[in-house]
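Colleague: Pasting a structure here, questions to come.
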Amino acid sequence: MSFVRRNLVLLLGLLVLVYMYIPNVIVALMSFNDSSHARNLYRFQSFTWDNWLHPCRPDGMCAAVGKSVEIGLLATLVATVLGTLAAFALVRHRFHGRGSMNIVLFLPMASPEIVMGSSLLALFVATGFGGRLGFWTILIAHVMFCLSFVVITVRSRLAGLDANLEQAAMDLYATEFQTFWRVTFPLVFPGILGAALLAFSLSFDDFIITNLNAGQTVTFPMFVWGAAQRGVPMQVNVVGTVMFLIAIAVVVSGEVLSRRRAKGLVA
Amino acid sequence: MSSVADAPAGGRDLCLTGLRKEYPNGFVAVQSLDLEIPRGSFFALLGPSGCGKTTTLRMVAGLETVTAGSITIGDQDITHEKPYRRPVNTVFQNYALFPHLSISENVAFGMRRRGVKDVKGPVADILELTELTEQANKRPAQLSGGQQQRVALARALINRPEVLLLDEPLGALDLKLRRAMQLELKRIQTEVGLTFVHVTHDQEEAMTMADTIAVMNAGVIEQLGSPTELYENPATTFVANFLGQSNLIGGSVVGVEGGADGQVKVDMEGTVVSIPVERAHTANTVGTKGWVGVRPEKVLIAPAGEPIDAPGNHMTGAVIVDSSFIGVSTQYVVRMPWGREMLAFEQNTGARGVLAPGTKVDVSWRPEFAFLLDSSQDIDAGLGEA
Amino acid sequence: MVALTPETDPTPDAVAGGPRQRRKLTGYWLILPTAVWLGLFFVVPFYSLLATSLFDPDGSVLTGYDVTYHFANFGHALSEYWQPMVRSLWYAALATAFCLVLGYVLAYAIAFRAGRWKNLMLVLVVAPFFTSFLIRTLSWKLILGDNGWVVDALQTVHILGSDNRLLATPIAVVAGLTYNFLPFMVLPLYASLEKIDGRLIEAASDLYASPSRAFFKVTWPLSLPGVVGGTLLTFIPATGDFINASLLGSPNQRMVGNVIQDLFTTTGDYARAGALSVILMLIILVLVLFYIRKAGTEELL
């Protein structure tokens with residue numbers, strides 16, 4: 001009993017963590033659910049490998065996943081590049097309008113998605129793009145809401161970087177260009193990578209803004225939403241589980257790599 | 001890129017002329033500095049934080065723009081040269097080791113940037129010199145403070161700069177390690193024969209290592225000289241207080257005897273004391289006010305009436321108000337007849353026990369140990385800043 | 001390279017001015033793309049939204065809209081949809097409160113009790129995110145379903161009547177919101193708690209504070225920036241959310257997000273949808289500013 005009392009806070013914290021994982025466990029379980037007999041009942045019927053062997057059976061699902069990956073990668077690329085540049089500007093350079101820029105960067109994180117989505121839709125309609133909603137309008141929206149998160153992630157990494165290191169490089173005969181690629185960039189890179197990962201997950205997962213600006217284009221969350229009205233194919237859970245496993249793998253390998261680096265095992 | 005390769009062996013003198021740094025907000029960090037640092041010397045810039053010593057160093061390194069004046073090495077003007085085109089390297093205050101590179105990669109960084117192909121030999125040599133061979137493949141984070149310090153030194157030294165700049169290089173180490181590293185640095189400097197410019201706020205560190213010390217305060221150099229010169233004959237109240245401790249007593253000149261090596265007679269609270277002319281840093285005309293200074297260890301005391309081995313400035317009627325025994329010496333606070341207190345440090349030679357507070361004593365010091373400072377200077381300048 | 005610092009120009013200002021001038025401009029070039037993107041697709045759209053909210057309500061996508069300064073849109077929107085609006089704020093507030101309690105426990109455990117598992121636990125907080133939140137919300141539908149074990153258990157102990165349900169009740173919606181936005185609460189709280197020097201808490205107990213007093217007098221005040229950040233990051237998106245209300249609730253739990261979404265996509269009543277969006281944004285803005293002022297953490301912006 002004294003063990004419980006001593007570690008009460010930790011145990012409670014773990015309990016909260018378990019609570020956060022209940023849905024993931026359900027999703028993983030349901031990916032093995034054979035729902036061919038009762039499509040409309042969202043409950044476990046019997047075990048099958050079928051969903052994993054034929055993930056693309058539901059009409060349009062894999063196309064939607066592909067579309068989401070495509071948009072996710074592009075939005076991540078654009079937002080990461082632009083956001084990293086902006087983070088450098090904010091940390092390393094002086095310019096007029098810095099204060100308002102900080103506010104503009106903060107606001108997207110403090111606005112409800114429904115408001116951002118409807119504003120963008122209002123803009124597209126007002127400028128005559130209302131009939132041409134689709135891939136490009138989704139991409140524009142995704143880059144927009146990813147930017148702030150990228151800037152903030154890279155900025156905090158950059159701000160934590162000791163400016164002396166760059167001066168030391170310059171002192172040791174590295175030109176500005178060499179200093180950037182040999183010292184600054186390698187040190188900020190983990191931050192940039194983290195920002196990219198975050199941007200991709202935000203983009204891949206977004207529904208509210210996307211749905212308003214998608215036109216006829218269907219992303220994976222939109223597919224799930226549409227399916228939810230009729231009965232969700234169990235293969236959706238396969239995609240959810242795979243995404244989760246990929247993310248875990250990326251994070252774990254990053255952690256292992258940085259640990260081995262810290263121990264000096266990898267050059 | 002030619003500057004590094006063409007440097008003549010043994011280096012050249014570093015010369016700062018009218019060097020000034022003013023920040024955009026109007027703060028003047030360095031007023032107008034003139035310094036000549038001969039090649040091969042170990043030079044220390046000593047001063048409290050904010051005195052402009054680090055700014056001066058950073059201007060020499062090229063990490064800070066120069067507002068006015070010039071920096072030359074030999075006949076080469078490097079005032080506005082990029083940091084990477086100067087034959088100068090820096091050991092940074094917190095070492096600034098690249099955390100993503102191994103120790104040997106850190107050390108090889110400068111040579112690689114200069115396009116040297118084979119760095120293995122020189123890297124091995126310098127790691128040997130700094131006793132880091134075992135650590136070659138580790139990362140900076142795995143090293144102790146003292147080891148990191150040596151990496152920073154090796155990383156700069158391997159480039160054989162004409163001038164090596166050290167910015168508070170031992171500030172992050174504990175006292176014992178700092179003492180050891182002071183001797184180590186001095187040894188390496190003698191061995192490689194490069195010009196070292198060392199910035200520090202620690203007077204003991206400066207005196208241990210440097211041949212020449214420039215004491216800086218508020219953007220100007222207060223006094224320049226060898227450690228002994230500065231300590232024995234300070235020219236300003238700031239130097240007198242910042243470098244060690246001093247007793248400063250107000251007085252006024254009553255006469256001058258003899259010529260260039262004569263004595264200045266000063267009336268100090270009713271007692272006339274004499275000070276050699278070359279130690280009087282005031283206008284030596286009758287009536288000039290000044291501070292009479294004497295180092296506490298030069299002040300001798302003895303119970304009233306007993307003889308003191310110090311001909312010259314002798315005063316009676318003082319009382320011990322406090323004594324603290326600190327092993328090698330005993331520090332006395334003595335109240336003089338005119339009410340002010342003086343410090344006297346006495347070696348514990350065993351000739352006499354510790355005198356108790358309340359003991360009436362006579363006070364004396366040899367005239368050649370006293371100095372006279374300008375009375376317009378603040379008597380408390382430099383106190384509590386080290 | 002020599003050309004960069006012309007020897008013919010001895011005045012230091014002119015020599016130093018060259019690169020410095022270039023450096024000054026670099027900042028603008030670096031920030032420009034982001035500024036333009038956010039300006040065009042975040043700031044300008046707010047004007048469009050405002051304009052939309054003042055449309056002539058009789059327009060349509062086909063005939064086009066006119067900005068007629070039809071302020072009546074606001075009145076209509078409010079009188080018609082004040083219920084979902086109030087419900088949204090209420091549900092979001094409840095979810096934020098639950099998140100604060102759960103999130104604080106978890107963040108505190110990670111910051112002070114996790115030891116060398118700290119990083120792993122942090123990763124575990126973020127990891128569920130990578131399964132699409134729509135899918136996760138759907139799985140709550142299963143958990144809280146009428147034949148699920150939660151309902152069964154609650155019915156067995158008579159907390160829930162035998163024909164009462166969880167799904168399609170406010171409980172389910174608030175539970176869903178709490179679950180979905182919990183990580184937004186945990187991360188800022190952790191960032192704040194982690195900065196607290198453990199010795200401060202020891203000092204407090206050394207100065208005769210009981211554990212609970214030490215918590216409320218030392219830990220809690222020092223974690224306030226995280227509390228403010230976390231509650232904002234939870235409350236704001238929760239207010240605008242409509243997915244939990246749609247999937248876990250019934251039409252009786254309709255939130256303002258559902259209304260706006262329907263007006264835009266199904267009804268095509270852009271004017272009223274725009275007006276409702278503007279109202280939502282204004283309410284949130286006022287609440288947030290008031291809250292930040294009250295909490296005294298303006299540096300958050």
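Glycine too: its Cβ is placed from the backbone N, Cα and C atoms.
Features from TrEMBL:
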| type | residues | note |
| --- | --- | --- |
| DOMAIN | A:65-254 | domain 'ABC transmembrane type-1' |
| TRANSMEM | A:71-91 | transmembrane segment |
| TRANSMEM | A:103-127 | transmembrane segment |
| TRANSMEM | A:133-154 | transmembrane segment |
| TRANSMEM | A:180-202 | transmembrane segment |
| TRANSMEM | A:238-257 | transmembrane segment |
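Explain the structural surroundings of these features, please.
Modeller: Long-range contacts of the transmembrane segment (A:71-91) within the same chain, counting only residues at least 6 positions beyond its ends with a Cβ under 8 Å from a Cβ of the stretch, are 98, 101-102, 105, 135, 138-139, 142-143, 146-151, 154-155, 158-159, 188, 192, 195-196, 199-200, 203-204, 219.
Nonlocal intrachain contacts for the transmembrane segment (A:103-127), taken as residues 6+ away from its ends with a CB within less than 8 angstroms of a stretch CB, comprise 86, 133, 137, 140-141, 144-145, 147-149, 151-152, 206, 208-213.
Nonlocal intrachain contacts for the transmembrane segment (A:180-202), taken as residues 6+ away from its ends with a CB within less than 8 angstroms of a stretch CB, comprise 72-73, 75-76, 79-80, 83-84, 142, 145-146, 149-150, 153-154, 156-158, 161, 165-166, 169, 174, 247, 250-251, 254, 258.
Listed as Cβ neighbours of the transmembrane segment (A:238-257) (distance under 8 Å, sequence separation of 6 or more from its ends, same chain) are residues 24, 27-28, 31, 51-52, 55, 61, 65, 190, 193, 197, 201, 204, 220, 266.
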